[in-house]
Structures are given as C-alpha cells and as structure tokens.
Amino acid sequence: MKRILVVMSICAALAFGVSAAMAADGAALYKSCVGCHGADGSKQAMGVGHAVKGQKADELFKKLKGYADGSYGGEKKAVMTNLVKRYSDEEMKAMADYMSKL
C-alpha cells in the first residue's frame, strides 16, 4: 500500500510539473500580434476597430473566440479569423490576459 502511494505521488508531481511547463505564454504568443496591434497594444489594427490596450481579459477572450468561430468582427475579420483559429482556448486566454495588462 505504501509503495502505491509513493508511485501515485510521483505521478501526480510529474503531471503537475508538465502541465505548468506547458502553460501557454501570453507574452510569447502576443509577439505574432505586434505587427498590427503594436508592442504596447495601442495601435489600431488595419486602421479599424479598437486598440487592445485597456480592454479587460474576459472581453478580449470573447472577441478572440468570436474571431475563431467567425461570429465576431467587421469586414476585415478574415485576417483575424485565419490567425486566431489555430490557437487553443488556453492560448487565447493567455493572450487575452497578457493584452489586458498592456
């Protein structure tokens, strides 16, 4: 019984360590956004919409999800849709969190 607990403890520690290491890095992901949105998020992408700077993480996440599924955005949304649909929810949340702190 003691041996099983030791093995389970080791497995749990490894699992938590791996998931922490695999956590999405919003700052690293945002680097692909800098060209249109600016390093500090204050740039109006393609001259339309709002700058990401100053927006709340939950709103940014909703917008990213909307771009990914095509339910959000204006006439130029195809650019964002094609970029964002490759990201997981975890990555979009990490980006939204990072952008909300710009």
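Keep in mind that glycine also has a Cβ here, set from the backbone N, Cα and C atoms.
Database features, via Swiss-Prot:
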- 1-23: signal peptide (SIGNAL)
- CYS33, CYS36, HIS37, MET80: heme c binding site (BINDING)
If you count Cβ atoms within 10 Å of each one, which of the binding-site residues CYS33, CYS36, MET80 comes out on top?
MET80
Near-site residues: heme c, ref CYS33, CYS36, HIS37, MET80, CB cutoff 8 A to centroid:
VAL34, GLY35, ALA45, VAL52, LEU83
Tally every other Cβ atom lying within 10 Å of the Cβ atom of HIS37 (heme c binding site).
21
